[in-house]
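> If you scroll down you'll find the structure; I have some questions about it.
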Protein chains: 6
Amino acid sequence: MLEKNVETFIACGSEYEEAKIVLFGAPFDSTTSYRPGARFAGRAIRGESYGIETYSPYQDADLEDCRVFDSGELELCIGSSEAALLGISERTAAILDDGKLPIMLGGEHLVTLGAVREVIKRHPGLKIIHFDAHADLREDYLGARLSHACVIRRCHELLGDGSIFQFGIRSGDKSEFLWAKKGHTEMRRFDFEGLCGALESIKGSPVYLTVDLDVLDPSVFPGTGTPEAGGVSFTELLNAILLVARGSRLVGCDICELSPIYDQSGVSTAVACKLLRELIIAVSAGL
Amino acid sequence: MLEKNVETFIACGSEYEEAKIVLFGAPFDSTTSYRPGARFAGRAIRGESYGIETYSPYQDADLEDCRVFDSGELELCIGSSEAALLGISERTAAILDDGKLPIMLGGEHLVTLGAVREVIKRHPGLKIIHFDAHADLREDYLGARLSHACVIRRCHELLGDGSIFQFGIRSGDKSEFLWAKKGHTEMRRFDFEGLCGALESIKGSPVYLTVDLDVLDPSVFPGTGTPEAGGVSFTELLNAILLVARGSRLVGCDICELSPIYDQSGVSTAVACKLLRELIIAVSAGL
Amino acid sequence: MLEKNVETFIACGSEYEEAKIVLFGAPFDSTTSYRPGARFAGRAIRGESYGIETYSPYQDADLEDCRVFDSGELELCIGSSEAALLGISERTAAILDDGKLPIMLGGEHLVTLGAVREVIKRHPGLKIIHFDAHADLREDYLGARLSHACVIRRCHELLGDGSIFQFGIRSGDKSEFLWAKKGHTEMRRFDFEGLCGALESIKGSPVYLTVDLDVLDPSVFPGTGTPEAGGVSFTELLNAILLVARGSRLVGCDICELSPIYDQSGVSTAVACKLLRELIIAVSAGL
Amino acid sequence: MLEKNVETFIACGSEYEEAKIVLFGAPFDSTTSYRPGARFAGRAIRGESYGIETYSPYQDADLEDCRVFDSGELELCIGSSEAALLGISERTAAILDDGKLPIMLGGEHLVTLGAVREVIKRHPGLKIIHFDAHADLREDYLGARLSHACVIRRCHELLGDGSIFQFGIRSGDKSEFLWAKKGHTEMRRFDFEGLCGALESIKGSPVYLTVDLDVLDPSVFPGTGTPEAGGVSFTELLNAILLVARGSRLVGCDICELSPIYDQSGVSTAVACKLLRELIIAVSAGL
Amino acid sequence: MLEKNVETFIACGSEYEEAKIVLFGAPFDSTTSYRPGARFAGRAIRGESYGIETYSPYQDADLEDCRVFDSGELELCIGSSEAALLGISERTAAILDDGKLPIMLGGEHLVTLGAVREVIKRHPGLKIIHFDAHADLREDYLGARLSHACVIRRCHELLGDGSIFQFGIRSGDKSEFLWAKKGHTEMRRFDFEGLCGALESIKGSPVYLTVDLDVLDPSVFPGTGTPEAGGVSFTELLNAILLVARGSRLVGCDICELSPIYDQSGVSTAVACKLLRELIIAVSAGL
Amino acid sequence: MLEKNVETFIACGSEYEEAKIVLFGAPFDSTTSYRPGARFAGRAIRGESYGIETYSPYQDADLEDCRVFDSGELELCIGSSEAALLGISERTAAILDDGKLPIMLGGEHLVTLGAVREVIKRHPGLKIIHFDAHADLREDYLGARLSHACVIRRCHELLGDGSIFQFGIRSGDKSEFLWAKKGHTEMRRFDFEGLCGALESIKGSPVYLTVDLDVLDPSVFPGTGTPEAGGVSFTELLNAILLVARGSRLVGCDICELSPIYDQSGVSTAVACKLLRELIIAVSAGL
C-alpha cells in the first residue's frame, strides 16, 4: 500500500510525540504596504529545501539528528489581520502546551505578534531579539495598528521597556528612531555590534528570536517585499543567529519576509533554507 | 519656470472642469486569495501607456479628442477592506456629483463594490454588466464577506435579482453556479453569447460595466493573480466592450485585476492600456 | 496533536484503499535534449493546484466527488534512464495490481515507457492515444535508444502496428513522418481531426492516453522544454481529452513535459492543473 | 586538427560559392522609441535554432536540402542611423552582386531601408510586401526622418505610389492611415485579406518581403519592443509568408523586431526560428 | 475639485520657486553599445521611490526637509545624440540660471556631457568627480565621438588636464588607461582610495559629481547595461558620495546607467532610490 | 566573398597551429540532481563575452596578445554519462597531443573527470586544485557513481591520496567531510586560506585546476544549479585563480556550473567571462 505524500522541510520528519521542535508556516501578507508575496515563503522553503544538505559544516552537526515535526502551512484568513493573528496564536499555544518549541515561517512580519502573544503568557519576563532592516516601531501605519510596520511596537505593549533588542536597523520613520532612543527598545543600527553584551544582560530570561530576512543585504537576499540596501552579509547573520541560539534560553523563533516571486534565481529561498537549517540545529542543541 | 511632472494615462490631460470622464486608480489587493499584486496596475497602465498610439483604427477616433482627467492613484489603507472601500466610494461620489463619468482602474475586483455603492445611489435601477473568468458570487470566502470572491454577490444585495449580467464565467464553486441559475444573475459561461440580447433587454437603464481582465485567455493576459485557461480573445473582449459602451447608458466602469509582476514581457499591461483607450473613446462618443 | 503536512493535488485526499485513481509524479528529464526542467512539473502542479477550483463547469462535476489518492513524487535516479524507468514501472505495477487506475505526471516524455511496459502486461491489445507536437518516433537519438525523442517508437515495439494513434504532430525528422506513413502508427498532423473515428475503431480495447503538453500552442503553454509554434488551443485539447476519457476504456494516462521554470507567469502550470482536474473528473466518471 | 567554431542558423552551412541564399544579421535598434533590444535578435535566432527540426511538415521539405550561407552579424555603428544603414547596404549589395538572395535578420525595422536602397537599384519596379502591426508611415518621428516609425515612408520615396502592400496594420498615428488611404500604399488593416489579389496584381514584378514580427498577436510573440494586441496567429502569418514566397518573384526579404529579452520563455525566438525555416525553404523552392 | 496626478521622487514636491534643487530625467540610451534600457531609469526611480523612507539614519536628516522640485523626464530625440544633448543642455541651463542646483537622472552616461557643457559655462575652473566601473576615455567608439564610452574624454576637452578625478575604474581599453596615466585625468582603479586627498586638493573649486552606478558590484546592482564584476559595495559608494557632497562645492550632479529591465527583483532600482535620497539630503545640507 | 560566421570567446581567434591554448565547451548536465541547465554555459559565455573588454587592469595585459583557439561546443550524448565523458576525453587527448593546453567550459562538474582521465595519462604525478562550494566526494549518488556529486572521488581513484587540494568547500554529506579528514584530500572549508602553502608544497608538479563557479557567493553568482550561501567574493576567487595560474605548472583547467537560465540579469555569465579572461591571460603568461 502506498503512503500519503507528506511534505516537510528536509529531514524534519519526526513523529509529533517525539519532536522537540515544531515548524509551521504563517502564509499571511495582507498588511504588506509595498510589494506583497511573503505568503508563499513557507511552501517555497519546504519545496526547495531538497537543494541543501542536512549536514552543517558550520556546527559539525546534522539536521537528521534533530527531532523536528513540520506541521505545514496554517490556513489563514487573507484580508483580516486579527483573524489571522488568532490562527497563529492558536497554533503557537498548542505547540507550547505540548512542551515543544515553535519555529514559525512567515509571512510578513506582523505574524510575529500572533506568536508572541502566546509565548509571553507562558514565559513572563520574555525578551525579544529582533533582526531587521526596518524598525517596525510605528504607532500605526495609514491608520492600521495591526501592520507589519508596527509589529515591534505592538510587542512592546506586551513586554514593556528594556525587553526588546533590535539589530541591523537601517530604515524607518524619524519618529521610530526617536522613540527607540527614549529607551523603549535597545536599537543597534546597521549591524550586530553589541549582541554579545545584550545576550549577557538577559542571561536566563526566556527569549523569542524574530528574524526579518531583509536584515540581509539585498545582494544576498533580493527576494523580499521591501529590499533595503546596506545590510548584513550571510555570514554575519548566520553568526548572529548561532550566537543567540547558543547563548540564550530560546522559547520560540520565527523567520519572516521571504517573498520568493521577487527572486527568480531561487537564491533567496536557498538562503532562507540554509539559515533555517542552522537555526534548527543550533536550537536543537540547546534543548 | 519649469512645470510639475504631471503623469496621466496617455492623452488624458484635460483640465478637471472641462473633463467629461475622470480616471482614478484603486490600488488595493488585500483580499486576493491566491497571488497578490493588482495594487500596482494603475501605475503600470499609466506608465506604459506611452507605448500605444492615441488613435484607434477600430473606431477611427482619437483619444486626443476625448476630454479625460486622470486623478491618479487613491491612497488606500492596505489591510482594511472597509476603509479601502470607503476611500473608493468618496472618490466615486465626488466625480459623480460633478457630473462626470468615473472610470476606475483596480486593484482586485472588490474595489468595484466601492464604486457601485455610490453609483446606485444616484442611478436607481442600475444594471451591472460583468465580464470575468470567475463568478465572484460567494456568500463569504474563508469567513470574509468583503472579498474579491464575493464582490458580485455584494453588488447583488444592492441591486437585486435580474440586474446583473455575467459573461465569460468559467470558474467558481458549484454553489455559485447554482445560485446564479436560480435567477439571481444572468450568467453566460465561457463567452459573450447573448450580450446583444441582454443590452436590448436593459435599454434605457443606467449601466455599470466591470471588466475583470482575467476573462481574457491567459495566453493573451498572463499578468493576473488567478489565470484561468479557456478564456476569450482580445478581439472578442474588445468587441464586447464596444458593444456595451455604444449600446447602453453607461454611468460608470472599471477595469480590474491586472497584476503586472506576473507578466514580465509587459504584454498584459499593453493589453490593458489598449482596452482602456478603446473604452474611453467609446464611452466618450456617447457622452 | 498536530497532523503531518500532507500535500496533494487539490481535493485528491482519499485514503488509498478507497481510491479508484492514483496520481504519482515521475520527476525525470535526463534525456531532454534541448531545455531540461520537466522534473519539477509534479511538485509545481501539486503546489499551484490551490489556484483553481475543484468544480468543473465543463463537466458540471466536482473533483471533491472523485476518489483519488496522490502518492507524491517518485525518487528516481537522475542520470540513468533504465533505472528511472524501472522505478516508474514498479509504481505503475503496484497501482494496477491494486485495481486502481494510474495517472502519472511527467517529467519528460520518456517516462511514458515505464508505465506502458506494465500496463500492456495486464492489458493485452493495449492502444495508445498520443497527443504531442513531436512525433517521438526516432529509432535512436544521438545514439541513445531510451530518449524522449524515441519513446513512442519504443512503445511501438511493445504494441505493434496499428495500435498507436498520434494527434497534433507538427515536428520531427523527415524519417519519422515517413515511418509513420508506412502504417506503423496512425498519425494526424497539426490537430485532432479524426479522433472520433479512431476512438470508434478501437472501441472496447484498453487505452493508454499520453498527453505531451507541448501539443498546445506555446502562447497557451510556454513552459515546456521545446516549444513548437502552431499548436492547438486549450479548448481543443480539453475537448480531445474529454472525448478520449469518455469514449474509450482508459486503463492509464499521463501528462508530460511541463517545465515550470520557462514560464514565470505561472500560466503553464495553471493550464496543466486545469487539464489534470478535467482528466481526473472525466476518467472518474467512467470507473 | 580541430576546426573553428562556425555558428550558423541550423542547417545553413553551405559554402558561399554554392549558396543561393545568404543570411545576415543587422543588430541595430538605436531609433527604437519604446523598448530597445532588437539588436540581439540575430544571435538569439542562430543560437536557439537548434531547438527546431530542419524538416518542415508544412512544406514536406527539408532545410538541409537548401543551399544557404549564414554570414553572421554585421558590425554596425550603434548610435548613428545613417552609418548603420550604409553597412547594411554594403552587405546587401555584395550578396546581390554575387547573384544570391539576401535574407536579413533585424534589428529594428529601420534596417529594411538599408536593404531596399540596394535591391531597388538592381530591380527597378520593385514592390514591397509589408507585414506589420504598425503602419511605419510617419514623415518623421520626434524630428528624425530615419526612424523605425518612418521606414515604409522612406521606402515609398524610393518606390512611389502603388508599390507597397501593407497587411495586418493595427496601430499608427491618424495621419498615417489617412496618408495610406490617399493611395500612397495599399493598406489592409488587422489581417491578410486581399493578399492573394495583391500578389496577382503584381505578378512578375520583383518583390521584397519585410516581416515585422509584431504583426503576430503578442500572445504568440511577446518578445518585441512594442507589443500590439489583436494580431494574427502563427498559422495565419505562416500561410501568408508561404503565399508570398511561392506566389511572387522574391528578390530579398527580412524578418525584424524580435527582442528576445522581453520573452524569457524563449517562445518568441522559437517562433522566429520556425518562420525563418519556412521562409528559407519556400524561397529556396522558387530559386 | 480633484487635483492633477503629480508624480515626483518621494518627498520632492516643493514649488519651483522655493526649490533649491531641481531633479530631471534624461531618458536617453541610443549609444549604449551592449545592452540598452537606461532610458527607463528615471521613471522607475520615481515610481519605486515610495518603497523607501524619507528619513536617513545615515545622516539623521529627512528628505521632507529639503526643498526639491522634480521636473520629470525630458522628451529627447531617440536616435540622435547631438539633439538629445541639446535638450539636456537647455534644461540644465534653465535650472542653473534660476540659481538652483540640477540633479540629473540618466539615461546612459553620455547625458553627462549635456549637463557639463552648461555647468562649465557658469562655473569656470569646474572639476569633475567621476565614479564608474568604466574609464569612458575613448577618443571614439566604432567611429562615434558622442558615445557613452567617450563621455569623460569629451568632458576633458572642455575642462583640460588635472580637472577630472576618476574612482572605481576597472574596465577599459588599454589605451584609455595609458591616456589617463599621462596625467590627463587622475584615475584610481577599483576603489575610492585617495578621494579625501583629491577633495582636499580641489577645495573651493566648483565640482560636478557624476555617478555611473555600475561602479557598484553587480551583486549589489545587476540592473545595468554592462555589469562589471569586482565593484564597490553599497556602503563604500554611499560614503564616497557623502564625502563629496559634504566636502566640496557641488554645482551639479547626475546618477546614470540604471537599466531596470535587467533586474526584475527591483533591488537595483531600490539601491538607486536610496543613493539619490542620500545625495539630495547631503547636497541640500550644503546649500 | 563573405566569410563564415566564426564565433569565439572574445579575442580568441588564433589559428589552431599557432595557438598555445585551446578552449572547448562540454555541454553536459545529465547528472545534475537539483536544477539542470549548465549545458548552456559555453554558448552563453561565448555569446556574452563581447560585453567585456580584452584588456585586464588586474594583470595589465591583453587577451589579444594571447594565442587561443576556441573550438566551440562538443556534441555530447545527453543522457549517457560514460558516452559524454568519452567525448570529452577524446577532445582533451587531441589538444594535449598537439602540445596545447586545454581549457574546458562545463557543463556540470562531472565533465572534469573526462579531462582528468587524459591529463593524468600524459602527466603522471598530477595534482588537482579544486575550488567549489561542494565537496563532490560521494562514493555514489542515488546509486550512480558517475555523478557531479562524486567527481572528485572519481578523480581521487586516479590520483591517490595527497594529490587533491580543495578550497571553499561549505556543503556536503557528513561522510564526505570525514573521508577528506582521513587524509584522502586536503580540504579547506569556506575560503582559500592555505592556498599559497599548498602551491608551495606541490611546486614542480603538473597541476589541473578545476573551478566550480558555485564557490562564489550566490550574491555574486546566482546563475548556478545549486546556489550555496556563504561563498567567496569575486575578488577572492580572482586572486586565487591568479595565484594558481602563476604559481604552479598548469597543464589543464576547467570552469564549471554556470547555468545561465537562473540569472536573467546576465551578471553570472559576465562574471564567468571575466574570470575566463583572467584565467587565460594568466595561464598564457606562463606558457
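Just so you know, glycine gets a Cβ as well, placed from its N, Cα and C.
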> Which residue of F:HIS109, F:HIS156 does TrEMBL report at the same Mn(2+) site as F:ASP132, F:HIS134, F:ASP136, F:ASP212, F:ASP214?
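The one candidate that TrEMBL places in that Mn(2+) site: F:HIS109.
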> Which of these binding-site residues, F:HIS109, F:HIS134, F:ASP212, F:ASP214, are close to chain B by Cβ (under 8 Å)?
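In terms of proximity to chain B, the binding-site residues that count are none, since no Cβ is under 8 Å.
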> Around the Mn(2+) site (F:HIS109, F:ASP132, F:HIS134, F:ASP136, F:ASP212, F:ASP214), what further same-chain residues have their C-beta within 8 angstroms of the site's C-beta centre?
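Other same-chain residues with Cβ inside the cutoff are F:HIS130, F:ALA133, F:ALA135, F:HIS148, F:VAL151, F:VAL215, F:CYS256, F:GLU257.
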> I want to verify one value. Collapsing DSSP to three states, which class is F:HIS134 (Mn(2+) binding site)?
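Going by the DSSP assignment, F:HIS134 (Mn(2+) binding site) falls within a strand, counted as strand.
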> Quick one: give me the count of other CB atoms within 10 A of the CB of F:HIS134 (Mn(2+) binding site).
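The Cβ of F:HIS134 (Mn(2+) binding site) has 26 Cβ neighbours within 10 Å.
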> Within 10 Å of the Cβ of F:ASP132 (Mn(2+) binding site), how many other Cβ atoms can be counted across all chains shown?
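26, counting other Cβ atoms within 10 Å of F:ASP132 (Mn(2+) binding site).
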> Using DSSP and collapsing to three states, where does F:ASP212 (Mn(2+) binding site) fall: helix, strand or coil?
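Assignment for F:ASP212 (Mn(2+) binding site) reads strand.
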